[in-house]
Amino acid sequence: MESLALHCSFAAAAATTTTPFSLSPGISLHFRSTPIPKSPPPSIFPPSSSFPALRSPLNSLLFSPLPKRRNPLLFLTRATSQNGKDPPPQTTPPPPPQGAKLLPFLISISIGLIVRFLIPIPVEVTLQAWQLFAIFLSTITGLVLSPLPVGAWAFLGLTTSIVTGTLPFTTAFGAFTNEVIWLIVISFFFARGFVKTGLGDRIATYFVKWLGKSTLGLSYGLTLSEALIAPAMPSTTARAGGVFVPIIKSLSLSAGSRPGDPSSRKLGSYLVQSQFQASTNSSALFLTASAQNLLCLKLAEELGIIILNPWVSWFKAASLPALVSLLLTPLILYKFYPPEIKDTPDAPAMAAKKLEQMGPVTKNEWIMVGTMLLAVTLWVCGDTLGIPSVVAAMIGLSMLLLLGVLDWDDCLSEKSAWDTLAWFAVLVGMAGQLTNLGIVSWMSGCVAKSLQSLSLSWPVAFVVLQASYFLIHYLFASQTGHVGALYSAFLAMHLAAGVPGVLAAMALAYNTNLFGSITHYSSGQAAVYYGVFLRFCWFSILTLDSNGG
């Protein structure tokens, strides 16, 4: 589910904090003059002098605390001032650019202006609808080109719709009360609870202990733990950055497998690819495993497609293909992208040591388990009990706040949640009004006529539209952004082509998860897996260089 803002925050967190599966507490990805005044969590690694290797020992320099490193700029200036003269003053880096990026801004605005003033308004469409359509296209173009951060650009689009009289204020802000959007926001808080209590880390560590004697078994252990956590941790990006990236990073380094280096093929590359692909399958398996799933069903409901008992219906339809994919992905990658290290006999012992250091399950972890079991139960049985999904999530969050697992500062500091609330509500609101004003039906009618002229049956049209929806994601850096922009339009095209409504709605929703792994920028978790490992590669090179390597 996941916005790009979230993956940035988790990528940064994974790169700069010491996690239970991270390197020695003294190591930092940034040059600091003082240590972080916070006791680090227990590390899985023993002292560097007795560090066990997984068949391929790694240079111990990587696992020793870095000596205090001088500022590189100061080092260079002092090195050139050997004659006793005062060193030249430091040059401060230029401030980051402020305001909108000019070229993306001009392109985004031009798209809307061209549609509004140069393209004739179709006779079936009102002036108000066409004007909103132009604003919507400018907003979507800006989400792709990023002249401003996503939330800021969406707010500009919302402001434009009000200033031009296209939408009244109450209508423009109507989507901010949307139940699904608030369910997505609360899911961010649940994810923070998993990371804060260490419950997700503990579950994954148990699977490493049970299945980690071989590289293939290690991959299956991580994949199964991902699937187990997914229904109660509705953020693929949070699972990646908060749980699995630190574990994979530490296991890879302990095997002498470094990112960006030929040694990455020993273990790390395989584990990263396997876990990355598995995350999309686990997100498609459960309705509550990713935020965009909930949004898809909400948008389908606005077009008259009602999914009864959605959690169970989603799982029944997804279970066979998703479970088969989860089971086959590690094996297929093992054959076509094989790791050089086939056995990891020390991984279970390392995991056991880590669990011993973590101690027994804490009270907060038990509360987290109980709360999420209650939430999932209410999500599954909500229709029978008359409890909407968002109310179940509100009950769960209230319990976490009352019992002290989370505090309100945790919620306030979850910037990605509030950012998502802002821009997501704008997109959903605009998409809903485009449907109400007839733009979506007009577009679907045009597509239907084109398909009829080609004499395509609905199964063929289904394949063509699904493939188009999937491949267009190469233009997007967010799954939820893609859904907000195109899901309603493509679903309307399916209906106009005669595709059964439930089939079209569910297939588009499943594809929304699957295209999250096609590129390194296609989703939040993609950027986490890709970005964190690139930074860690840079850090490893600096570490070797600073020690004379």
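Note that the numbers count up from 1, one per residue, in the order the chain is shown.
Any Cβ shown, glycine's included, is placed from N, Cα and C.
The transmembrane segment feature in TrEMBL is assigned to 102-119 (among others). If one looks beyond the transmembrane segment (102-119) by at least 6 residues along the same chain, the residues whose Cβ comes under 8 Å of a Cβ in the stretch are 130-131, 133-135, 137-139, 141-142, 145-148, 153.
Remote same-chain partners of the transmembrane segment (131-156), defined as residues 6 or more beyond its termini with a Cβ less than 8 Å from a stretch Cβ, comprise 3-5, 100-102, 104-105, 107-109, 111-113, 115-116, 125, 164, 166-167, 419, 422-423, 426-427, 430-431, 433-434, 437, 439, 475-478, 481, 485. According to TrEMBL, the transmembrane segment annotation covers 131-156 (among others).
According to TrEMBL, the transmembrane segment annotation covers 176-195 (among others).
Annotated transmembrane segment per TrEMBL: 364-380 (among others), in sequence order. Here the transmembrane segment (364-380) has Cβ contacts under 8 Å with residues 190, 193-194, 196-199, 202, 231-233, 287-288, 311-312, 387, 389, 391-393, 395-396, 399-400, 403-405 of the same chain, all six or more residues outside its ends.
Here TrEMBL flags 386-408 (among others) as transmembrane segment.
If you look at the transmembrane segment (420-444), the same-chain residues 6 or more away from its ends with a CB under 8 A from one of its CBs are 3, 5-6, 122, 124-126, 128-130, 132-133, 135-136, 139, 143, 150-151, 153-155, 157-158, 161, 167, 171-176, 178, 180-182, 184-185, 188, 291, 295, 298-299, 302-303, 480-481, 484-485, 487-489, 492-493, 495-496. The annotation transmembrane segment is assigned in TrEMBL to 420-444 (among others).
Look at TrEMBL and you will find 456-477 (among others) tagged as transmembrane segment.
Summarising the annotation, TrEMBL assigns transmembrane segment to 484-507 (among others). Cβ atoms under 8 Å from those of the transmembrane segment (484-507) belong to residues 140, 143, 295-297, 299-300, 302-305, 307, 314, 317, 424, 427-428, 431, 434-435, 440-441, 443-445, 447-448, 451, 456, 458, 461-462, 465-466, 468-469, 472, 476 of the same chain, restricted to positions at least 6 beyond its ends.
For 527-544 (among others), the entry in TrEMBL reads transmembrane segment.
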